[in-house]
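Working notes, beginning with the structure itself.
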Amino acid sequence: MTAVHTGNINFKWDPKSLEIRTLAVERLLEPLVTQVTTLVNTNSKGPSNKKRGRSKKAHVLAASVEQATENFLEKGDKIAKESQFLKEELVAAVEDVRKQCDLMKSAAGEFADDPCSSVKRGNMVRAARALLSAVTRLLILADMADVYKLLVQLKLVEDGILKLRNAGTEQDLGIQYKALKPEVDKLNIMAAKRQQELKDVGHRDQMAAARGILQKNVPILYTASQACLQHPDVAAYKANRDLIYKQLQQAVTGISNAAQATASDDASQHPGAGGGELAYALNNFDKQIIVDPLSFSEERFRPSLEERLESIISGAALMADSSCTRDDRRERIVAECNAVRQALQDLLSEYMGNAGRKERSDALNSAIDKMTKKTRDLRRQLRKAVMDHVSDSFLETNVPLLVLVEAAKNGNEKEVKEYAQVFREHANKLIEVANLACSISNNEEGVKLVRMSASQLEALCPQVINAALALAAKPQSKLAQENMDLFKEQWEKQVRVLTDAVDDITSIDDFLAVSENHILEDVNKCVIALQEKDVDGLDRTAGAIRGRAARVIHVVTSEMDNYEPGVYTEKVLEATKLLSNTVMPRFTEQVEAAVEALSSDPAQPMDENEFIDASRLVYDGIRDIRKAVLMIRTPEELDDSDFETEDFDVRSRTSVQTEDDQLIAGQSARAIMAQLPQEQKAKIAEQVASFQEEKSKLDAEVSKWDDSGNDIIVLAKQMCMIMMEMTDFTRGKGPLKNTSDVISAAKKIAEAGSRMDKLGRTIADHCPDSACKQDLLAYLQRIALYCHQLNICSKVKAEVQNLGGELVVSGVDSAMSLIQAAKNLMNAVVQTVKASYVASTKYQKSQGMASLNLPAVSWKMKAPEKKPLVKREKQDETQTKIKRASQKKHVNPVQALSEFKAMDSI
């Protein structure tokens, strides 16, 4: 390795190395490599008995190689003449290429004259290798000349930063800053170009991070240096200036190392390196448990698997013992760890029983499935433990900062020091939780971003504290105030970046489940505080509820931006709007009234029931949002504890409960349906699969049309959605909990069917074709009939009886009838939509009009969906029923219309 220190520029370069570090060199070298390889491979089958002679193809290829090399020489000469750096090395490299080119030309000519000679082929291959090495070295030298140019610019910036830090007067400071800014901008452009060309992803990330720090911190160094000059007696300003200068030095080193594609001396230069350790360990463990029984050896596999599992359990135990982990969550993690241990022992026993066999037995396959399920359950509890931390820590993240700033503005240095400790602990907690979220995430790119953001937040924390201490020392100083505002803004911006990054690597389903439980806890604390007349506790807890609700709304709204607009997003956004526009204002009003009543002397009476109702509505609003978000999840994606097990156990212990029949006899009808025996569940699943086929037909039908001017399509979608909820109920899933909910849903379908009947008859009345008219009326009669059937079947009697010591669940026949009626209705709706369109076209042809012009019925093809500029990747998206806009296959209107050609026969 040669280190060139020209003008204190640390230029690391190994003259013997032919390692290609940039994409540009690869691109330039590729055509020549292809041509040389093609020439070398010409007639490569060895000696031939055919008549010897000249090879036209070889001569042509040799000429093309010669031409390509001449192009390199021409460019190389130009680079060597124009380059300010490595001039001698470049000239020598060009001459070496010219020499190797002549040798290659001679060897290729001889080979072309006698392509069957192995000796001449060998000579040409050696000449080709030497030529490629010479050209590669020339390109690498040219590349390093560019790097040297960047390092010279980097040295200018580094010197400028030092001059800015050491400026003795404000005038000198202004001059130095004005001179430095264009140099930093120039460096940023050069570094960005280099970043794009680097082959190694780690070096690209390192360059990007260093550029960001440089761009952000140069203006801050100017402000900090200015404050030092105006208030030389305030030590906090000097400390801040030195911290920022140190960060800039690290950024300069980072750019230098990344540009030369060398390893960093400091691990902190790679804040985004690595993935989720615990997630990786669990994934690796899941792979390790699958072994060929023929090669299984207990002595080899048992210690290895047990050691891996204990390492995972140690990581899980650390998470369980953390301060933010709830007691019930800690117990569940411990239980899952024990279950995983037991599952591993059972699996190893099965492997021992299968040792030496060619194929795995059913018992062994079951043990593997059980082991995988237990690790999946442990993952789920760890994810939710992380979400406990995220939900608590990333709540009202600006409060410690605002308190610190307020104390600084008042000039109270003692308070500032106290609040600085609180602020530091808060920052450390954010960083700790962010790293916890990383440990259980499989999103490698997301983890990099979180760790990079956390690293920058950690560096910013002492700077914010120093700015507050400086303001407390000079509270009247305008510069001190501006300095504080600058750091406050930087902190808030960085926290937002970290929050969004953490949200990207965590599951929205886990977030909503945990937020729902936390809000329920807080709601009950609020009620208790009200009953105990604890004003501070009431106000503080109510603030936490408002913060949690606002966070839920923000996260869910951001998530919906990733989906194409449709029924699903409309329902979710409708639930968020209800919470933000109606529920939360009412809750805030009740809290303010309660605080005012309790704070007055003497305390004024207030309506406790009103407060409890407002609090309950907050919980219900969060729950409704969560149910709306989960509507598109498949049963496999939903947690076992999503509704039943957590819901009823938790709510039965609380002081705030809804007064519906969901808790009568301890279980809802939906929960009872979930307890059906496997045989009966299989029968229902068969019916549901048949129903899903009809639903797919309806989805295909309505997706063709723009529903903005067509109430028939709108009604069809609504009926489909409600029928899906009803069939989900029969499987113990979905938002409908009891028979009363199902009956209510059936009534809604009947109302929609009645409206569709009215619209359909209007179309039929205008249709001149009697056959089409009769078909449409027949389908409308079917809708009325099946709506009536569905209404009858909706009265599902789900009961649990104890017969002979065995629990027997009734209601299967009713459930089967319900699904069958829904399937029949779905089919009738599909046929009605088709017949309505056909009848409309007949009317158009008869009257010679562009459209039917009926109110609320306009048949227009649905416009292609807009695609987002940036697609956010999500894991396990393949099973999602509603696809992302960027993934959805759009239907060709001409193709869609062609499907109606057969409809004339209806």
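Heads up, the Cβ atoms here are built off N, Cα and C, so glycines get one too.
Features reported for this protein in Swiss-Prot:
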MOD_RES   Thr2  N-acetylthreonine
REGION    2-228  region 'Involved in homodimerization'
CROSSLNK  Lys57  SUMO2 cross-link
REGION    97-148  region 'Interaction with JUP and CTNNB1'
MOD_RES   Ser264  phosphoserine
MOD_RES   Ser268  phosphoserine
MOD_RES   Ser295  phosphoserine
MOD_RES   Ser297  phosphoserine
MOD_RES   Thr634  phosphothreonine
MOD_RES   Ser641  phosphoserine
MOD_RES   Thr645  phosphothreonine
MOD_RES   Ser652  phosphoserine
MOD_RES   Ser655  phosphoserine
MOD_RES   Thr658  phosphothreonine
CROSSLNK  Lys797  SUMO2 cross-link
MOD_RES   Ser851  phosphoserine
REGION    864-894  region 'Disordered'
COMPBIAS  864-880  compositional bias 'Basic and acidic residues'
For Ser295 (phosphoserine): intrachain residues, at least 6 apart, with Cβ closer than 8 Å: none
Neighbour tally for Thr634 (phosphothreonine), based on other Cβ positions within 10 Å of its Cβ: 10
Structural state of Thr634 (phosphothreonine), classified by DSSP into three states: coil
Alpha-carbon spacing, Ser297 (phosphoserine) to Thr634 (phosphothreonine), which is rounded to whole Å: 39
Secondary structure composition of the region 'Interaction with JUP and CTNNB1' (97-148) [DSSP: H/G/I, E/B, coil]: 48 helix, 0 strand, 4 coil
Neighbouring C-beta atoms (10 Å sphere around the C-beta of Ser297 (phosphoserine)): 11
The region 'Involved in homodimerization' (2-228) [mean pLDDT, rounded to integer]: 75
Secondary structure at Ser295 (phosphoserine), reduced by DSSP to three states: helix
